[in-house]
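Annotated features, as they stand in TrEMBL:
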type     : residues                                    : note
BINDING  : Gly46, Ala48, Asn53, Ser307, Asn339, Leu404 : Na(+) 1 binding site
BINDING  : Val49                                       : Na(+) 2 binding site
COMPBIAS : 611-631                                     : compositional bias 'Basic and acidic residues'
COMPBIAS : 633-650                                     : compositional bias 'Polar residues'
DISULFID : Cys151-Cys160                               : disulfide bond
REGION   : 606-650                                     : region 'Disordered'
TRANSMEM : 40-58                                       : transmembrane segment
TRANSMEM : 70-91                                       : transmembrane segment
TRANSMEM : 112-139                                     : transmembrane segment
TRANSMEM : 224-245                                     : transmembrane segment
TRANSMEM : 257-284                                     : transmembrane segment
TRANSMEM : 304-321                                     : transmembrane segment
TRANSMEM : 333-358                                     : transmembrane segment
TRANSMEM : 392-413                                     : transmembrane segment
TRANSMEM : 434-460                                     : transmembrane segment
TRANSMEM : 466-487                                     : transmembrane segment
TRANSMEM : 507-531                                     : transmembrane segment
TRANSMEM : 543-566                                     : transmembrane segment
Amino acid sequence: MSESNSNVACTADQNGAVLGEPVKMDKNSRRGNWGNQIEFILTSVGYAVGLGNVWRFPYLCYRNGGGAFMFPYFIMLVFCGIPLFFLELSFGQFASQGCLGVWRISPMFKGVGYGMMVVSTYIGIYYNVVICIAFYYFFSSMTNLLPWTYCNNPWNTASCNGVVTPKGINSTLANATRSLVTGAAQAAVEVVNKTKRTSPSEEYWKHYVLNISDDIGNFGDVRLPILGCLAVSWVVVFLCLIRGVKSSGKVVYFTATFPYVVLTILFIRGITLEGAVTGIKYYLTPQWHKILDAKVWGDAASQIFYSLGCAWGGLITMASYNKFHNNCYRDSIIISITNCATSVYAGFVIFSILGFMAHHLNVDVSEVADHGPGLAFVAYPEALTLLPISPLWSLLFFFMLILLGLGTQFCLLETLVTAIVDEIGTDWIMKNKTVVTGGVAVVGFLLGVPLTTQAGIYWLLLMDNYAASFSLVIISCIMCICIMYVYGHKKYFKDVEMMLGFPPPIFFRVCWRFVSPIIISFILIFTVIQYKPITYNDYVYPGWSLAIGFAMALSSVICIPIYALYKIAKSEGNTFLERLKKSCRPDIKWGPALSEDRIGRYAAPGSEADVEVRPLKEELKEKEEEKRDEISLSIQGSNGSTAHNTTPSA
């Protein structure tokens, strides 16, 4: 290897990119690479910044102490979010493989990759249904008057009470119609209105869009408008991924950036409204006594973990298309901070409008605040009806939701496609990746059809609450244990150094080995302790549906022990212990994908890279160290010593 090439492999420039990297074009012609690094960052931002940033974080913030919640939130970001994000990016980038191929690092743990695929499948199915509902609202907003403005529609009930009063003759007709409809029941209706106001947006959501049934087992009819929008949603996702990261990398220039334009427009409009300051104060006013509440810390840790998309397989997949020497350390910090800053910013947008609505109704902000679908499709749309030119603001809001959802959906689909293509690995499937993408999209559409029925919202919320809950925490914890303690933290730190040109900072080494796994365990314990059976408004889910929910959660986790037992049984060896050791050792194919990047201990014996890159003395020391690792099942603790141990035991 020439001296200049050696420097390229080992030196980083001031900007974090490795010297000489611009000279290296799309070398991995078999899998492909990102067109440039901006595409990867925008895709990852689009993946991490999703619907939860808008409809979950602001609600958690005001519920858990307002501004005081920011303290545990950013503590968890620093000690858990960014380290896990960096770990997954470096893992995928080093091996240039998807969520299955990376487990050549320790083949027995390949079940973790299958678990990630199962989780991504569940999320991809129901996430696109949410996007399709946003499409439906977007199309419904293309009118002079939003259909959820008044209570004089065929789907409205007698208890409907709108925030906007019809004007002129329309008001007279509406009142006359209301009198005829209610009749003798008017007294009872007034009692209902005093206790609970049913808004026109809520009735539009329940009785018109969903036409919701009375039970999760009563599927009823397929809602054809929703089904049509679901087809549109899947077609859009497929077209954007038709050439893999080459096409999606271009699309994200718009889908990842335009939501910020919309957020800014809505923010400027929101803060100019009367009552907006009250809403923002409600969002940010610190309640410091709540910092001592364990639930606040649990919510902060959970939100960071789920918001960044850890353990879904998407981060590993996206990073696998990076060039080998890309500075993923820098990228992980940029993307993680951008994600969390977006959550905080979205809170201003949401609560400025909700504060205006609360002021208009002369009620407390807590009475109009909501989260999840209730915020996106009921509370916020109702608030928009109070604004002049309300269809315009509605179009912008739902277009933003569509783009936020698509950014995440792109990565979910690409995760599944990449895993399948990498696993089969034939030339034909590499060249015909579009066929696989289309097949996965068709299957995803068909599996989403039950969610477009009258009972669909029950199933959507069931999947949201169970399919990607504690299973993600378990998957992430096992991934940390495998890389740090089975493969060995010293080996992995050297791998990262070989890739980036510098070792991981000591802070990340400590977090990867100790802090992050402890926080992940805390999240798991917190999730179990805080568990409550799912409900939807006043509807209580029956026991059999909860059993299905737990089955979905376990279906991803169960992949791990099943595949481990299978791998042990198929491994060579006379005893169980020998087979266990063999199944834990890295596969011969583990390491950088391209031969020119396989230097040091990954170089083929006798190759030019092997001879020139490392002196013979260092080579012998590494071989001796690897031999000891194999004897001890590659499990290294703080008492493990080598001839030149430069890593603190922390």
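These residue numbers are counts, starting from 1, taken along the chain as shown.
Positions of Cβ are set from backbone N, Cα and C atoms, glycine also.
Predicted automatically and left uncurated, TrEMBL annotations should be read as such.
Known features from TrEMBL, placed on the structure.
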{"residue": "Gly46", "record": "Na(+) 1 binding site", "CB count, 10 Å": "27"}
{"residue": "Ala48", "record": "Na(+) 1 binding site", "CB count, 10 Å": "26"}
{"residue": "Val49", "record": "Na(+) 2 binding site", "CB count, 10 Å": "28"}
{"residue": "Asn53", "record": "Na(+) 1 binding site", "CB count, 10 Å": "24"}
{"residue": "Cys151", "record": "disulfide bond", "CB count, 10 Å": "24"}
{"residue": "Cys160", "record": "disulfide bond", "CB count, 10 Å": "22"}
{"residue": "Ser307", "record": "Na(+) 1 binding site", "CB count, 10 Å": "23"}
{"residue": "Asn339", "record": "Na(+) 1 binding site", "CB count, 10 Å": "24"}
{"residue": "Leu404", "record": "Na(+) 1 binding site", "CB count, 10 Å": "28"}
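Through the fold, the transmembrane segment (304-321) approaches residues 31-34, 40, 43-44, 47-48, 50, 52-53, 56-57, 73, 76-77, 80-81, 84-85, 88-93, 95-99, 101-102, 113, 116-117, 119-120, 123, 245, 328, 336, 339-340, 343, 408, 411-412, 414-415, 418-419, 468, 472-473, 475-476, 479, 520, 523 of its own chain, all at least 6 residues removed from its boundaries and within a Cβ separation under 8 Å. Proximity of the transmembrane segment (257-284) to the transmembrane segment (224-245) is not established, fewer than 3 Cβ-Cβ distances being under 8 Å for residue pairs spaced 6 or more apart. Within 8 Å of the Cβ centroid of the Na(+) 1 site, not counting the listed residues Gly46, Ala48, Asn53, Ser307, Asn339, Leu404, the chain contributes Val45, Tyr47, Val49, Gly50, Gly52, Leu308, Gly309, Thr342, Ser343, Gly407, Thr408. Using a 10 Å Cα-Cα cut-off around Ser307 (Na(+) 1 binding site), the recorded positions Val49, Cys151, Cys160 reduce to Val49. Beyond the transmembrane segment (466-487), the same-chain residues lying 6 or more positions past its ends with a Cβ under 8 Å from any Cβ of the stretch are 84, 87-88, 91, 105-106, 109, 112, 115-116, 119, 122-123, 126, 305-306, 310-312, 512-513, 516-517, 520-521, 523-524, 527-528, 534, 549-550, 552-554, 556-557, 560, 584, 586, 633-637. Only residues 6 or more beyond the boundaries of the transmembrane segment (70-91), in the same chain, are considered here, and those with a CB under 8 A from a CB of the stretch are 61, 102, 105, 291, 296-297, 300-301, 303-305, 307-308, 310, 315-316, 318-319, 328-329, 331-333, 335-337, 340, 344, 476, 479-480, 483, 496, 499-500, 504, 508, 511-512, 515-516, 519-520. Counting Cβ pairs under 8 Å that are 6 or more residues apart, the transmembrane segment (112-139) and the transmembrane segment (507-531) reach fewer than 3 and are not in contact.
Here the CA atom of Cys160 (disulfide bond) lies 38 Å from the CA atom of Ala48 (Na(+) 1 binding site).
Where the transmembrane segment (392-413) meets the stretches 434-460, 507-531, 543-566, the count of C-beta pairs under 8 angstroms peaks at 434-460. Proximity to Asn339 (Na(+) 1 binding site), judged by a C-alpha distance within 10 Å, picks out Val49 from the recorded positions Val49, Cys151, Cys160.
Beyond the ends of the transmembrane segment (507-531), by six or more residues, the same chain brings 76, 79-80, 83-84, 86-87, 294-295, 298, 301-302, 305, 329, 469-470, 473-474, 476-477, 480-481, 483-484, 489, 493, 647-648, 650 to within a C-beta distance below 8 angstroms of the stretch.
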